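Chemist: Pasting the relevant annotations from Swiss-Prot:
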ACT_SITE  225  active site, charge relay system
ACT_SITE  278  active site, charge relay system
ACT_SITE  349  active site, charge relay system
DISULFID  293-354  disulfide bond
DISULFID  451-486  disulfide bond
DISULFID  586-593  disulfide bond
CARBOHYD  356  N-linked glycosylation site
CARBOHYD  503  N-linked glycosylation site
CARBOHYD  528  N-linked glycosylation site
SIGNAL    1-19  signal peptide
SITE      309  site 'Important determinant of glycosidic bond specificity'
SITE      485  site 'Essential for chitooligosaccharide substrate binding'
């Protein structure tokens, strides 16, 4: 009986995909294939009802078509049943059907006809990204309809994965196809950190290329941190004295370049200046008095005295009035460069001991002994948030959840500020949505892409352990996290299987606007950034675009396997240096590397 149930599941899968080799990622919300046979493509031209010369749409189509032609893509990972079963039924038609196919195949696709309803919709949060794509039997055109240009761009990236080589120097769509598609969540992002280590503009472009192909639409750019300040500020050019070198800086032109490159691919860039914690470099060059504890020992070895969770310490002085003058100047200058309505202003990991080094803060506490660190955080919110809102009526702020949920928190944080949740998984998502905050999910236990690679702090005596102290219990060097605070490593399966709205009410679930996978860069630079983002970020991309469940509500992780393995090869073909995730044997032998023989084990 178990054998029959498993075979039935696989047969259902086989019947849905047997006709085609392609397996686009993220999987469209709805896709249906015809049966009349391959549709050849000639030199396909873009047609619209509007003059689109030099527009985002025209340029996007030109890139897509150039990619299609130059790659002559052949899918590398094809879905098939677990090896013990017979091969999938072939899509070979009867003789009469073959004759019909041959006749229809004589009409090559020559055009992509795009109908956009709202050409002027800006690339901001909540913009409509839906599209339909139709390639009908006997038609010489692919029809794309979209509410906005941004939806049409997604149609192009889907089409790129559908058109493949015919093996004889030509290009084909394997069958007529109809797609109706739209994202589950409006916010689908990656976070890059250029404060711990510098990332070149070239490598930022590479990440944006991968994001566009997988329909991720937000680059959260954590610009700086205590370790370095790489961003040129006209108002305070001395801030880049705390860049790692003159070469490792971003000019205004560099910032605009990244914003423009992203926008051309339907991706928003949301900058983050992390404040008031994680703030030494740059700020201290303007005035050392606006930074507390910058010259203290971070004191992990004597934790009760610690001033930071990692080297080096430094937090903006919340009580010093000049702090807010400098913050306003820096914030307004960067707001003029980054065009998105949203801006991330940090708010995480305040360390109370740091303010023992501030005369301003210690005197403030002495003035009123009833004051607490919660009052200090509220002072920051009350003084800083009006500055952050002042640049635009459409400005919306994002903060890390600590400002609300940390031991040291502000008691009154406006609920129109978006909270990015990184700690305690479902528990914190529940707390935030219950209070009415919109939430970006970045749970470290599922989505932190830097985790599980050991520690980086040096002179660490914990590694000096020659024998296993307790073979029955995992420890630091024996089966434990080995210095990575958020270990283990987050595999694509860990990311894809995250049900981050689990147990939320419908009202709470509506407050979850999407997710971002952060890659903190303590151990990341140009050499390995793409390997650490990709292809794992593609698991997040499908999770927030079309979900991890099928129409019956069952987890579809086993069906996603070949899709992500194939997509890794597609990323490489497009110049995105994605990491190896399996022996190539697994790619070429679908499900032969599964842990569980039962393909329904995740349902």
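Easy rule for this one: first residue shown is 1, then count along the chain.
Cβ coordinates come from backbone N, Cα and C, glycine included.
Keep in mind that what you see is a predicted model, and the values were worked out from it rather than measured.
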Chemist: Roughly how many Å separate the Cα of residue 503 (N-linked glycosylation site) from that of residue 356 (N-linked glycosylation site), to the nearest whole number?
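Modeler: About 42 Å separates the two Cα atoms.
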Chemist: C-alpha of residue 593 (disulfide bond) to C-alpha of residue 349 (active site, charge relay system): distance in Å?
Modeler: 41
Chemist: How long is the line from the C-alpha of residue 278 (active site, charge relay system) to the C-alpha of residue 486 (disulfide bond), rounded to the nearest angstrom?
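Modeler: Distance between the two Cα atoms comes out at 19 Å.
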Chemist: Can you tell which of 309, 354, 451, 486 has the most other C-beta atoms within 10 Å, given these are the recorded positions?
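Modeler: Going through 309, 354, 451, 486 one by one, the largest Cβ count within 10 Å is at 354.
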Chemist: With Cβ-Cβ distance below 8 Å and at least 6 positions apart along the chain, what are the contacts of residue 349 (active site, charge relay system)? List them in sequence order.
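Modeler: In sequence order, the residues whose Cβ lies under 8 Å from that of residue 349 (active site, charge relay system) (at least 6 apart) are 277, 278, 309, 400, 402, 406.
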Chemist: Among the glycosylation sites 356, 503, 528, which residue has its Cβ surrounded by the fewest other Cβ atoms within 10 Å?
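Modeler: Per-residue Cβ counts within 10 Å for the glycosylation sites 356, 503, 528 bottom out at 503.
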Chemist: What whole-number Å value do you get for the CA-CA distance of residue 485 (site 'Essential for chitooligosaccharide substrate binding') and residue 451 (disulfide bond)?
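Modeler: Answer for this pair: 8 Å between alpha carbons.
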Chemist: Judged by the number of other CB atoms within 10 angstroms, which among 293, 586, 593 is the least packed of the disulfide-bonded residues?
Modeler: 593
Chemist: What is the separation, in Å, between the Cα atoms of residue 354 (disulfide bond) and residue 451 (disulfide bond)?
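Modeler: On Cα coordinates alone, these residues lie 26 Å apart.
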Chemist: Among the recorded positions listed here (225, 278, 485), identify the one with the smallest other-Cβ count within 10 Å.
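Modeler: Fewest other Cβ atoms within 10 Å, among the recorded positions 225, 278, 485, is found for 485.
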Chemist: Rounded to an integer, what is the Cα-Cα distance in Å between residue 356 (N-linked glycosylation site) and residue 293 (disulfide bond)?
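Modeler: Roughly 8 Å, rounded to the nearest whole number.
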